[in-house]
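Q: Take this structure, written in structure tokens, and hold onto it; I'll ask about it next.
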Amino acid sequence: MNLSMLATAVAVEGRKAAASRVLTSTAVLLTVGVAALAAATTAAADGGDGQLAAKLGPLAAAGGWPAVLNVATQVTAAAGLLAFGVGLSWMFGREFTEGTITGLFGLPVTRPALAAAKLVVFLLWAAATATALTVAVALAGTAVTRQAPQPADWAGLGRLLALAVMTAALAVPAAWAATLGRGLLPAIATIVALMAVTQIIVVVGAGGGWFPPAAPALWALSPTTVGAAELLFAAVFPAAFSVLTLHAWHRLQLDR
Amino acid sequence: MTAPRIEACGLTRLFSGGAGVRGVDFDVIAGEIHALVGLNGAGKTTLMRLLLGMLRPTSGAVRIDGRPLRTADWSTVGHLVETPLAYGELDGRANLMLAARLHGADANRAARMVDDVLTELNLAQYAAVRARRMSLGNRQRLGLAAALQHHPRVVVLDEPTNALDPAGVILLREALVRRAADGAGVLVSSHHLDEVARVAHRITVINAGRVIGTLDPRGVDIERSFFALVHADDTHRDRSPL
């Protein structure tokens with residue numbers, strides 16, 4: 001795989017992604033959903049809804065910008081993994097379910113180059129979605145609190161942006177699962193399982209920082225509780241699954 | 001002697017249940033249209049997948065223009081096996097542009113190739129229509145355009161007349177005759193002796209994963225000859241010890 005081949009593959013995958021309703025609607029749903037939930041729950045807590053305040057915990061119950069950021073961060077960690085996972089599952093799984101994978105053999109652009117291009121385009125889409133999500137939360141927060149963000153709030157918005165990008169990266173196992181399972185459903189099942197295991201580990205409190213899918217969310221909620229080594233370990237997780245995915249596309253056979 | 005565009009020696013790949021291909025020797029010569037005919041499940045698609053690297057053989061080897069698959073020049077190959085390379089969210093022109101880029105054409109050359117093939121296969125009216133809104137036949141025609149537009153030296157088409165109307169079959173037949181006249185080696189498969197098989201220079205019959213003989217494309221009753229070959233092979237295998 002050389003740079004020219006990768007550039008061609010990125011151009012092709014980028015064209016497909018730009019025309020995709022799946023990616024566009026997923027990005028809009030996540031962006032609007034997170035901002036709306038953060039704004040609505042904060043408004044309810046500020047309005048004296050005791051039951052909701054109890055459910056949200058002490059930080060969110062305090063209202064204002066801390067509540068907006070706390071809710072947005074929690075929802076992004078969970079819903080973001082699902083949304084980015086669905087997007088990536090579709091990008092890889094569709095080639096198998098729609099049968100277009102046969103046309104991706106016998107080309108001068110190799111399959112590993114195409115798989116790498118899908119990952120590059122996915123990360124670009126995820127970065128754009130993460131940016132839109134952060135801007136939407138900033139606007140929703142300003143509207144519901146009637147206050148401009150303070151330096152601590154800007155830092156929280158920065159962590160929200162980083163969390164969304166890292167959450168997208170944590171969805172990379174979906175690409176591997178879609179390839180091994182030859183379709184969308186194995187990939188989405190993998191994402192749902194990843195979400196469930198992450199929730200269990202975080203709720204049990206068994207050193208969640210060392211579990212890669214949990215580390216970014218724990219760091220975004222409380223930066224001092226997760227160290228640099230744990231975040232670095234979380235970065236190795238998508239990198240390893242990217243390599244596995246490229247290898248699976250290199251060795252791919254249409255034998256099922 | 002003309003060099004083979006495709007050469008397969010002793011190709012074997014079996015699946016559980018016994019389907020697959022067994023010890024197939026096969027070639028496609030430059031300038032010829034070679035039809036591969038056989039009943040459903042005879043092994044035509046498996047053989048084509050092996051020729052294009054979609055499957056790895058358990059034994060045997062394939063060469064494209066004299067080179068093993070690992071180092072073959074894939075920019076000179078065009079194929080359509082089972083499903084057209086057509087993405088539903090993209091229109092006809094965008095799909096063809098992507099296929100051209102994937103075959104190594106830069107943006108300018110790709111645009112010229114697309115214009116030419118839209119005319120050649122009478123697809124101009126579908127250039128701005130999304131593939132998901134096209135009929136099955138027009139999607140097939142789009143897939144054939146994607147496989148042929150870069151004027152490959154090696155053409156492999158699996159059941160290319162599937163879903164095509166009579167006008168589409170004639171356009172395809174003429175396009176294949178032109179490619180072969182320009183020096184391409186063209187391999188087409190069919191489960192019946194249709195119009196494309198009838199323009200072939202050679203017809204090879206495959207049955208139960210083996211090459212069992214050839215037919216004369218200019219023969220007066222090639223259907224009868226085909227069924228005689230298949231029946232004889234089936235009878236022979238039924239009598240042979242396993």
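Glycine too: its Cβ is placed from the backbone N, Cα and C atoms.
Remember, it's a predicted structure, so these values are computed and weren't measured experimentally.
Grabbed the feature section from TrEMBL, which reads as follows:
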| type | residues | note |
| --- | --- | --- |
| TRANSMEM | A:69-92 | transmembrane segment |
| TRANSMEM | A:113-140 | transmembrane segment |
| TRANSMEM | A:160-180 | transmembrane segment |
| TRANSMEM | A:187-211 | transmembrane segment |
| TRANSMEM | A:231-249 | transmembrane segment |
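Give me the lay of the land around each of these features.
A: Residues 13, 17, 20, 22-23, 26-27, 29-30, 33-35, 37-38, 41-42, 56-57, 59-60, 115, 118, 121-122, 125-126, 129, 133, 137, 141, 153, 156-157, 159-160, 163-164, 167-168, 170-172, 174-175, 177-179, 184, 187-188, 190-192, 194-195, 198-199, 213, 216-217, 220-221, 245 of the same chain lie 6 or more positions beyond the ends of the transmembrane segment (A:69-92) yet place their CB under 8 Å from a CB of it.
Through the fold, the transmembrane segment (A:113-140) approaches residues 1, 5-6, 8-10, 12-14, 17, 23, 26-27, 30-32, 34-36, 38-39, 68-69, 72, 76, 80, 83-84, 87-88, 91-92, 104, 149, 157, 160-161, 164-165, 168-169, 172, 175, 179, 242, 245-246, 248-249 of its own chain, all at least 6 residues removed from its boundaries and within a Cβ separation under 8 Å.
Note on the transmembrane segment (A:160-180): residues 69, 72-73, 76-77, 80-81, 84-85, 87-89, 91-93, 96, 115, 118-119, 122-123, 126-127, 129-131, 133-134, 137, 186-191, 194, 212-213, 216-217, 219-220, 234-235, 237-238, 241-242, 244-245, 248-249, 252 of its chain, located 6 or more positions outside it, place their CB under 8 angstroms from a CB of the stretch.
Outside the transmembrane segment (A:187-211) by six or more residues, the chain places 78, 81-82, 85-86, 88-89, 92-93, 170-171, 173-175, 177-178, 181, 217-219, 225-227, 230, 233 with a CB less than 8 A from a CB of the stretch.
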